[in-house]
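J.: The feature signal peptide is assigned by TrEMBL to 1-17. Residues or ranges marked as domain 'Ig-like' by TrEMBL: 25-116, 121-207, 226-312, 317-401, 407-494, 502-586. Residues annotated as domain 'Fibronectin type-III' in TrEMBL: 599-697, 700-797, 802-898, 899-994. Annotation source TrEMBL lists region 'Disordered' at 681-711.
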Amino acid sequence: MLLWKLLVLQSLVGCLAEVGVLQSPVFTKQPGSIVYPVENVEKNREVVFSCEAQATPPLHYRWKLNGTEIKPGSHYSLSGGNLRLSHLNRDQDAGTYQCLATNSFGTIVSREASLTFAYLEHFKTQRRSSVSVREGQGVVLLCGPPHHSGDLEFSWIFNEYPTYVKQDTRRFISQETGNLYIAMVESSDVGNYTCVVTNTVTKSRVQGPPTPLVLRSDGVMGEYEPKIEVQFPEVVHVAKGSTVKLECFALGNPVPSVTWRRTDGVPFPRKVDMRKASGVLEIPYFQQEDAGTYECVAENSRGMNTVKGKLSFYAPPHLTEKPQDEQKLIDDSLVWECKATGKPKPSYRWMKNGENLESTERIQVVNGALSISRLTLSDTGMYQCVAGNKHGEVYSNAELRVIAVAPDFSLSQLKSQTLVKVGGDVLIECKPKMSPWGVISWRKGTEPLRETNRVNILESGNLRIWNATKTDSGVYTCMARNQFGLASSTGSLTVKDKTVIPPSSLSRFGQGCIVVLPCQVNHDPSLELKFTWFFNEQLIHFGSHGGFFEKVGGQHSAGDIMIRNIQLRHAGKYTCAVQTKVDSISIAVDLVVRGPPGPPTSISVEEITDTTAALSWRPGPDNHSPITGYTIQARTPFSLGWQAVTTVPEVVGGQRLTATVIDLSPWVEFEFRVLASNSIGTGEPSKPSKQARTKAPKVTPANVSGGGGSRSELVITWEPVPEELQNGPGFGYVVAFRPHGATGWMQAAVPSAEASRYVFKNESIQPFSPFQVKMGVYNNEGEGPFGAVTTIYSAEEEPSRAPTRVRARSLSASEVEVQWKALPWNTSKKRVLGYEVSYWIKGEKEDTASVQRTVGNQTSTVIHGLKGSTKYYITVRAYNTAGTGPPSSTVNVTTKKPPPSQPPVKVMWNTSNSKIIVNWEQVKALENESEVTGYKVLYKKNQHSTPKIMETNTTSVELALPTDEDYIIQIKPFGEGGEGSSTRQITIPRIPAIQQKVQQHFCLERSNITHVKLLFSNGSQSFCTKSKNSLSE
């Protein structure tokens, strides 16, 4: 087509497109494949392939058969885009059809559609020979279907219609071959079998000739292992989303069972149908994960047989990325991506207006992508990407429109104002829309722009100015021209003063200081400033970072920041960045922070003994202050955290990198760490050293003793050795002992490190015999030395005699004194360590009696805490470490009546000269109480002093007058039953010397008065308040 025609057509297309009436071709209905029954051909029926597309201007349709264009006529006719076939011919009309739709935009091609003819011919053979088998033998009856086209279904008639063979574990009809398989023939199987074949498309059905099945008369077939007769192929290709059926059936006696499995062990999903009765494995909606090797297993009591086959997944192409309609200018470039999935991987081809597109210098197809460079008007048209593999093809359409345009700045005006700093570079872009590309020129003000070594018009049409000066400011106009017209666009350029940050210097700062980092700026006053700070190349977010950083720049040209309580982690590079509309500038400063030293490194235990360890280390960072000294700490499994240790030298200076730790415990695992100090302080500790164990010491158990135990026993005790002194695993004790005067030692091993006791029992040991004993230790490394020899006595016998002359007398209502005659301590080796007194009341059992013990040769004791007026039974027996001897004869005693339960009442006191006279009312005992024989007056001068006791058989006492402190008095009655109840404490206030001659009266009624009134002879009065136990004036 001539260029002027293309331009006219394009102009028309452009106008119509603007009013929205044009549309490039798009298929709305595409042909589908057809399977046509031959019987309908004979009835002169028609076939119609559908094809419909939308487009404006209207479309013209064409069709191709097997790549050759069809000419319409009586046999082929078009109805819109549909193709109608009349007077079908099975041989001439079968093939692949495609629809082509064309208008002024171009041509598109539909997908391929096939026409095939389905038919089923009759069986040619009219008779079949009989099949003779033994009972119990397997048999295969062949179907041999006639010529056909289209899918078939098979069934078998037994003897006569309508008796069909039913499939079960013994009988199977293959839908692949049509053959009938009987795994093990029975007598009931004898008869005629007819194969019935049905075409699923035409629904026609034909029957083959009957096959007689008869039994042989030479016996019954014996048992034999399965023989698989129905097998699936070694490789089966299965389409994505389709249903696959695998057949497997075996002959055998007994009837084999058929099972299925995957060889990789993956279990079948629930969608899989295993029809064991018919020997079919069915997998619907086949997916990639269903691919793999499947195995059929046939098994009976005589053996097993298997067959394997691989299911291979395939998928027809599916477009994932399609080209879209494009409108391009002349000389532009085009790239269309076209991507599809599928298995095998799809290949790609491109079509233009229904014809395959060949690669040229300008046109390239790479991995489905179509690229066209230097576009021309002749490239306009309809393009189709075709992705295909051996399982099918898919099509995608797109329109390319190449247009011619006069220069136009409506969508790309020059920037109205461009700013640049003095000495800076600037690019002013000029991007008009025009096709084909024309000529670009520039003006400054009203004059054409003259190019210099600083001012250049680039090939793209953009204007570049290097090292700008104030004289470059002004109004610039870009003018574009091609054969279709002229256009221009104008913008201004302003040159601003550059921004400058004066340098600043910082010194070192100590940890904890407040530091201000300055950022002062000289700049063009017409420009706004933006300050940004970075720390070690990371943006500082003010308000975070623990609140350490704060903006303090108060002036427009200052962006200072302050760091509060500066820490070691704040040392580093700080950068202040300043930005304006025309430039950006930054200045960096390294901030040094002095602080305690960092942790030392490479802590190593060079040498270790039982109590010392030689250490070495390397210094950590001194954080800009020299290290003045080191401190060493240690930790063991037995210590509470890290502890300071003693070293040589005692003070480890900052230049020293070795030291010896002393006074360590032997055979203990130690870890060591080192801390460095400088004038700022002490830094973090180093990482712990590797664990090191001190050498083993020579140790023996302490506090070896013993004695006691049962008859014929020698009991030896000791203090267990602490774990840190055990010198290693497998720790235990060695006990050596011998009778006093013997020469040889007996030894025993005690394997428990926690043990503290060993008992040697032998009937030949005499009671209380002396033994010499020594102790040692051992571990997995061997035995240690024995300790000192000590003497320990064997167990003794309990006393064999009972005390005599036992007497008891009541001392009071709660006390009884018991006396007895001591047993002699002779050489019978039955020692008496003391006596045990048992006592109980009538009605109690002796074995529940209370017990009171004495020590040594004591021959009497007083039993306290008894009940008054109660009869007690008492026995006495001797004891030693072996136990108690026989009891004495039982004696009894009755305690006295209880003392009076009522305290004295109406206690009164008065003063006379230097004395206090206290009076009270006589206490009368109750019937069950002992008579009062006197009173005890307890008095003291303060709460903490020891009371003095005054006894009287009257109801009054005289006491010296208290002048320096108050008196605290209590009064209680007593009789032969003991002391009775006491009054509450009575406080008699001290009497000052000036009042000693004043007569005072005081009365307490039943000792429960809380307020008292003091009367003085001169008529004055005062009130005292008394708490529970004392009175205060």
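Cβ atoms here come from the backbone N, Cα and C positions, even for glycine.
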J.: If we skip the immediate neighbours and take only residues 6+ beyond the ends of the region 'Disordered' (681-711), which ones have a Cβ under 8 Å from one of its Cβ atoms?
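T.: For the region 'Disordered' (681-711), the far contacts come to 595-601, 603-605, 608-613, 615, 617, 620, 623, 631, 633, 635, 642, 664-675, 717-721, 725-728, 733, 759, 761, 767, 773-777, 781, 784-788, 790, 792-795, 797, 881-882.
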J.: Does the chain bring the domain 'Ig-like' (25-116) near the domain 'Fibronectin type-III' (802-898), so that three or more CB pairs sit under 8 Å (pairs 6 or more apart in sequence)?
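T.: No, these stretches are not in contact.
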J.: If you run through the domain 'Fibronectin type-III' (899-994) with DSSP, how many residues end up as helix, strand and coil?
T.: 2 helix, 44 strand, 50 coil
J.: Which one of these stretches, 407-494, 802-898, 899-994, has the most C-beta pairs shorter than 8 Å to the domain 'Ig-like' (317-401)?
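T.: If we count Cβ pairs closer than 8 Å to the domain 'Ig-like' (317-401), 407-494 scores highest.
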J.: For the domain 'Ig-like' (317-401), give the DSSP counts of helix residues, strand residues and coil residues.
T.: 3 helix, 52 strand, 30 coil
J.: Please count the residues of the domain 'Ig-like' (121-207) that DSSP assigns to helix (H, G, I), strand (E, B) and coil.
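T.: Taking the domain 'Ig-like' (121-207) as a whole: 3 helix, 36 strand, 48 coil.
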J.: Give, as a single whole number between 0 and 100, the mean pLDDT over the domain 'Fibronectin type-III' (700-797).
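T.: Across the residues of the domain 'Fibronectin type-III' (700-797) the model's pLDDT averages 88 on the 0 to 100 scale.
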J.: Can you break down the domain 'Ig-like' (407-494) into helix, strand and coil residue counts using DSSP?
T.: 3 helix, 46 strand, 39 coil
